[in-house]
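Presented below is the structure to which this report refers.
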Amino acid sequence: MSSGVKSKSRNPYTAVRVDPDSDYVTPGTLDLEQLFWTGPEVQYTHVNLVWPGIYIGDEKTALELPGLRDLGITHVLNAAEGKWNNVLTGAGYYSDANICYYGVEADDKPTFNISQFFQPAAQFIHEALSQPHNNVLVHCVMGRSRSATLVLAYLMMRHSLSVVDAVEQVRQRRCILPNHGFLKQLRALDITLQEERLRQKREAPGQEKHT
C-alpha cells in the first residue's frame, strides 16, 4: 500500500479515468466538493457512527471520558494534537480509562500536507478494529475536516472504496466538510490507488497487458 500521495502533474480540477475499462472517473476537486452539498442534509451532532467500529466526533466528545465509556471506545485518534487551536489531550489523558491513543499534529489549513498521516492513521484504525469488540473515535476540534479526512483515507486504503463512495458513506451519517486542500489530497490518493489496482490487474496471471 502506498504510504503517501504521489505528486501529480494532472490538473486537480479535471476528472481522470485511470482504468480505460472501468466506468469510474475520479472527479475534479470542485465536483468532489459538490458532493457535500447534495442529497439529504445531516444535522451536526457531537459524535456519529460512520462505519462499523468507527466514530467521528468533536473536542467535547474526546474530553468526556464517561461518554467514551458509554460508546465502548477503546481507541482514540486525535487529528488535532497540539496546543494551538487543537485538542490538548494525549496518551496520559486516557490512561486510566484504558484507551489506546494516537495523535497527529495536523492544521486545518488547505496548504497543510495531511496526506503524510494517511498511512499511519489508517494503520492505527486497522489494528484497532482487528479485534471485533473495539471501537475507535477519530476526532479533531469540530469533527468535520481533519478527522473526516483521515477516516475517508482509511476507507479508501483499507476497504478499497473510491473517494466518491467513501464521501457518500460518511456524509450520510455525519455532517463533514474537509477543506479544499484536503479534498485535493484525497483526490490524489484516489488516483494513486486506482493506478495501483490497474497495475495489479495487468500483472495478474492470464491478464493481457495493455501497452
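Just so you know, glycine gets a Cβ as well, placed from its N, Cα and C.
Noted in Swiss-Prot for the protein shown:
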ACT_SITE  Cys140  active site, phosphocysteine intermediate
BINDING   His139, Cys140, Val141, Met142, Gly143, Arg144, Ser145, Arg146  substrate binding site
DOMAIN    46-195  domain 'Tyrosine-protein phosphatase'
Write out, in the order they occur in the sequence, the residues of the chain not among His139, Cys140, Val141, Met142, Gly143, Arg144, Ser145, Arg146 that have a C-beta within 8 Å of the mean position of the C-beta atoms of the recorded substrate site.
-> Ile56, Asp58, Glu59, Ala79, Ala80, Asp108, Ser147, Ala148
Smallest number of other CB atoms within 10 Å: among the binding-site residues His139, Arg144, that is Arg144
Should Arg146 (substrate binding site) be counted as helix, strand, or coil on the basis of DSSP?
-> helix
Can you name the residues of this chain that are 6 or more positions from Val141 (substrate binding site) yet have a C-beta less than 8 Å from its C-beta?
-> Asp58, Glu59, Ala80, Asn85, Asn86, Val87, Asp108
Those recorded positions listed as Cys140, Met142, and which of them has the most Cβ atoms within 10 Å of its own Cβ = Cys140
DSSP composition of the domain 'Tyrosine-protein phosphatase' (46-195), residue counts helix/strand/coil, works out to 72 helix, 21 strand, 57 coil
